[in-house]
Amino acid sequence: MTALRQRKGNRGKDPGPSVQNLKPDCTAEPRERFATGGFSWWTILCVMTGSIVGISLGLLCCIYVATLHENDLWFSNIKEVEREISFRTECGLYYSYYKQMLKAPSIQQGLYELIHDDTTESKRTINILQRMNIYQEVFLSILYRILPIQTYLEPIYFYIYTVFALQTVYVIALFITSWLLSDSWLAGALSGVWYILNRVDTTRVEFTISLRENWSIPFFALQVAAITCYLRPQLKPIHQRVVLWLVFVSTFCFCLTWQFNQFVLLVQALIIFTLDCLDFLTAEQVVSLYLMQVLSLLLVWLLQFCNSMILGSLVLSFIVSALFIKHFQTGLKTGGFVIRVGKLALHTLLVLTLTFTINYSAKKILQLKSDEHIFKFIKAKFGFGATRDFDASLYLCEEAFGLLPLDTFERLAGTVLLYPYLCTLSVLFILLLLVALSNLSTNGSGQASREKEDRTFRIRPDVAYNLLHTVFFGLLAFSTMRMKYLWTGHMCAFAAFGVCGKEVWSLYLRVLHCNTKTTMRLIRYSVPIVILAFLYYKFWPRLMEEISELREFYDPDTVELMEWIRLKTPKRAVFAGSMQLLAGIKLCTERILTNHPHYEDQALRERTRQVYQIYARQSAEEVHKVLCSVGADYIVLEDSICYERRHSRGCRLRDLLDLANGHIMDGPGENEPDLIPATHPRFCEAIKTDMPPYSTLFTRVFKNKTFNVYKLKKLKKKNKAENGP
């Protein structure tokens, strides 16, 4: 369908300072002066330099992705309808609400229309603010209305520039995380450069602007930076309270902007739980971090008009269970090694049992089925669920939900990111295990606490958190490719910490018996500088070549379809078709839809499966009946779906429908023995013959090389009586 045409033209031993000492330990003297409470000019210069570098890298990333977006589409030169078509699939759906808010007579009227929406799903009035995470679109539309920028900045540019600006926030958050871990802003610089150079694997913002992850992941990176700061040793109580507020605000923004927040926070809660069990965090730190998650989720629950999906989330059930069991199991961290391991096993079993009990009960009470498709997908992915389920198969057949491709590691190795990451990960993970075993060998007494302080090998809580963070989210990325964007950004910060921090180098230098301050300082500053110089030499010409490559958006068939719908159909006409196309129809023409790509509702998923019978082997009468039941006036058939070749046999949409209906699939190949031949031809093919009964029930009103639009004929009462109910 869509093509991009080439367009001519060019265009150590020291556990580390307190969190206040956000600077490289350039010399021993400035560190000593800072420790006594005096800020030297050298310290101030280092902090200012690091801040400038961090902000500059963030702005560079923002300009870079904005330039790529402009060059790929020639966005400034194409028509408005083409700009809107470029918001593919669910991106177009989300952007349509921003456009709807701007076209409303007033902010109040716009909000009312969103709360009482009758155009997104035909024959239904739904609360968009409750069902979808679109507060960012609402906020931006209000901001655009009240700011004096309408005369020189179009609404669409205000929107995309805001999303690109969040990439600045993302890079700065990674910069701060690696700086806090290593006490060197060179680590921040290295993490920012790695993030930009690995753009293919760290972000897809330049071509999926409106996706919820592009709004939320920058706030998640800020939250990780705030947690890293909160777990720093020697942090004063007043600073802890301030940082906890930052954790709360960033967690809240993350949760408000992405519907998958509960699953990400569940992984994070498991990390905190693991650190608590292994005695890396204090009870106060654990409870505080749990409460920040809970308060954020509950506030989002209120803003989303008491969305039951949040109350029925696993993360809330897990946190409640962990805190409840922790409160009553007071002697968890006492006794010898064997006793403590036994207590931890029992503790974990009790928490998991109570978690699933609470979650099951909550879903039964709330009659919650909104997220069942995700659990179906997870079960089917690991071979525990039915593979014929339409919803689960729809996810399983998408490459984005498959395993992480091996070529990802080839690209990461090409930018010299993978090697320091693996070295840092392996060394610190072994160290973490050793320290954890040592912690479990103590009984929590005062003598044991003094023994901990005198150990040769230690690992800071903030380092332990970031280590488990990259391990847990790395496993998530391995299992589901789309989740790699939660991992690869933090991977850049973690690898940069390994290059510039003391922890890894001190272990290596101890083995070589040359662990001196001079040697440590020389390595910590020379290695990142050498890597940065190499990356500049190797990749700067490639970046210049990449941003000079000019293309143009080209999709005349879709443009023709949208123009025809806008000019030739009633404004209240209802359209049925694929989820992806209908999102664009809503954005470009403001017509009513039967279904859409936001798949987080059980009733909508069932309706989508029914509407998709237009690509299955069903009779004309059955398809007409289904479409009339959802109020459709027109159906849009796409040849790219009807004759799909992008997926292999068994994963084409028509195959998924055949399997769900119990029919034998098209083409050569094996079929399961219980499948039967269909009694009717494939609807999307047979309707083109214009033979009865298709011509009796449908009339073709538009055709081009890609799309066929048919209008449903309304059956007379006599015919209805003959056909039965």
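A Cβ is built for glycine as well, from the same backbone N, Cα and C atoms used for every other residue.
The annotation region 'Disordered' is assigned in TrEMBL to 1-25.
Per TrEMBL, compositional bias 'Basic residues' is recorded for 1-10.
Positions annotated as transmembrane segment by TrEMBL: 39-66 (among others).
The transmembrane segment annotation in TrEMBL covers 156-181 (among others).
Beyond the transmembrane segment (215-231), the same-chain residues lying 6 or more positions past its ends with a Cβ under 8 Å from any Cβ of the stretch are 19, 136, 163, 166-167, 169-170, 173-174, 176-177, 180-181, 203, 240, 243-244, 246-247, 250-251, 253-255, 257-258, 261, 264, 281, 285, 288-289, 460-462, 465-466, 469, 485-486, 489-490. Per TrEMBL, the feature transmembrane segment maps to 215-231 (among others).
Under the heading transmembrane segment, TrEMBL lists 243-275 (among others).
Among the features that TrEMBL reports, transmembrane segment is placed at 295-325 (among others). Long-range neighbours of the transmembrane segment (295-325) within the same chain, counting only residues 6 or more positions beyond its ends whose Cβ lies under 8 Å from a Cβ of the stretch, are 115, 127, 129-131, 133, 135, 248, 251-252, 254-256, 259, 261-263, 265-266, 269-270, 273, 287, 347, 350-352, 354-356, 358-359, 362-363, 366, 368, 370-371, 600.
Sequence-remote contacts of a segment are chain residues at least 6 beyond its ends whose Cβ falls under 8 Å from one of its Cβ atoms, and for the transmembrane segment (337-358) they are 273, 277, 314, 317-318, 320-322, 324-326, 329, 331, 437, 440-441, 443. Sequence annotations record features per position, and here TrEMBL assigns transmembrane segment to 337-358 (among others).
Per TrEMBL, transmembrane segment is recorded for 418-442 (among others).
Among the features that TrEMBL reports, transmembrane segment is placed at 487-510 (among others).
The feature transmembrane segment is assigned by TrEMBL to 522-540 (among others).
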Original post:
Does the transmembrane segment (487-510) come near the transmembrane segment (243-275), with 3+ Cβ pairs under 8 Å (pairs 6 or more apart)?
Top reply: no
